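Peer 1: The following block contains the structure, expressed as structure tokens.
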Amino acid sequence: MTKWLSISDVKEKIAATSAEEVTASYLELIDKSSINGYTCTSDGALDTAKMVDKGEVAGPLAGVPIAIKDNISTKGLATTCSSKILEGYVPPYDAHVIERLKEAGAVIIGKTNMDEFAMGTSTESSCYGVTLNPWDHERVPGGSSGGSAAVVAAGEAPISLGSDTGGSVRCPAAFCGVVGLKPTYGAVSRYGLISYANSLEQIGPMATCVEDIAAVMDVIGGYDARDSTSIDKKIDHQAALIDDVKGLKIGVPDEYFGEGVDSGTENAVWDAINKYEEMDASWEKVSMPNTKYALAAYYTIAMSEASSNLARFDGTRYGPRNDGENWHVMASKTRAENFGKEVQRRILLGTYALSAGYQDKYYLKALQVRTLVKQDFDRAFANFDVLMAPTMPLPAFKIGEMVEDPLSQYLIDVNTVPMNLAGVPCISVPCGSSDGLPVGLQIIGNHFDEAALIRAAYSFEKNTDHHKARPGEVA
């Protein structure tokens, strides 16, 4: 079977052969893979495919395999957040997005590797070991949804789901040369997502083309009463697949370029922006002055929420349990021995930020900065349809390069965390290369204006070939 199939390609293969044969081909690719992108595959995948062939399962994604990040609950299929503390945990229910995918006929083919509890930018903190970037096996795939991006880039799944708390869909999409969308906060239900930071994260799709992103969003998007942050606003993503950006007003934030940005990355992004000008869009620079405070505010908020969210993992109900003479000793030993170093670091920092005497100084100040960052976006979208910037300031770095310096990893999230603070949607699309490694163009839209993102990204794809580049070649 040919690798790197789109949804429409998969449907053609199914029509020519069968859903069972297509699913079996993907399972064979996964079995032979050397990138460590999956944590497990689904025993029920072939059964679902057979049901599609019999006409017992139908829908817009009938028979299409999809890979799921390991922090999204899948009934009967292990969901561990790539952490020892959830070893062996099998959810008794499906996340809302999984319910939607199954209703649409999709085949859940397996779970993908990730940074432990979605805390990281490299997938190096996984208890299953690092996922390798398909473009260069000595480099990271990005994170925290590194497995989800890598398996799509390697042709081991046509589409995947990740989660994005501060860039965790867009970063690996950029590093692996695929398309990744972070929807507006509230546009996709978080029911069944094992939370890192509730007020920041969203589930989003990854694929080799914008068309597939739109198709998946039309399935998983929409209101869910079980998620109190879910907003009842219907968006027709596929209707926005229009190759026309004439009159599109693009804002280019000064603060997302310059010092710290790799020159090859910056050149590729400017080439992309100039391409839009050739396509009759217009661009203008814009200042977003509070960007310089966003990173500190983001990590203060995210770690504070993490310290609260992860308090529930203590070995009492699931996962490994260490012996102790009482509950406190048992829980303390269990957490100390089964949470990884990065997760422990973030829990400690978050607990400190929320502690008596420091909450006003750090956490509440961070919330005030969050409002200022959102106001920057509000002002920008009063004049522009979309904003454009590099997704990441540099291409994929080498495995182990930043492990001993966590602050350096935090800093490279500088271009992605502001959108999570503001809750606005954004998409990363391949726009070229730097030293033979993929570069992502980040397109940012106003709240619930995913249509503008998809239209802009789709038009770029139709007029360039960057999204067609595959590991082993450069567009």
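Even glycines carry a Cβ here, placed using N, Cα and C.
Swiss-Prot lists these features:
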type	residues	note
ACT_SITE	Lys69	active site, charge relay system
ACT_SITE	Ser144	active site, charge relay system
ACT_SITE	Ser168	active site, acyl-ester intermediate
Peer 1: Around the Cβ of Ser168 (active site, acyl-ester intermediate), how many other Cβ atoms lie within 10 Å? Please give the count over every shown protein chain.
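Peer 2: Cβ-Cβ neighbours of Ser168 (active site, acyl-ester intermediate) within 10 Å number 37.
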Peer 1: Return only the integer: C-alpha distance in Å from Ser144 (active site, charge relay system) to Ser168 (active site, acyl-ester intermediate).
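Peer 2: One finds 5 Å between the Cα atoms of these residues.
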Peer 1: Have a look around Lys69 (active site, charge relay system) and count the other CB atoms within 10 A of its CB, chains all included.
Peer 2: 31
Peer 1: Three states by DSSP: which one describes Lys69 (active site, charge relay system)?
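Peer 2: In three-state terms, Lys69 (active site, charge relay system) counts as strand.
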Peer 1: Which of the three DSSP-derived classes (helix, strand, coil) applies to Ser144 (active site, charge relay system)?
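Peer 2: For Ser144 (active site, charge relay system) - judged by DSSP and reduced to three states - the answer is coil.
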Peer 1: With DSSP assignments reduced to helix, strand and coil, which class does the residue listed as 'active site, acyl-ester intermediate' get?
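Peer 2: For the residue listed as 'active site, acyl-ester intermediate' - judged by DSSP and reduced to three states - the answer is coil.
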Peer 1: With every protein chain in view, how many other Cβ atoms are within 10 Å of the Cβ of Ser144 (active site, charge relay system)?
Peer 2: 35
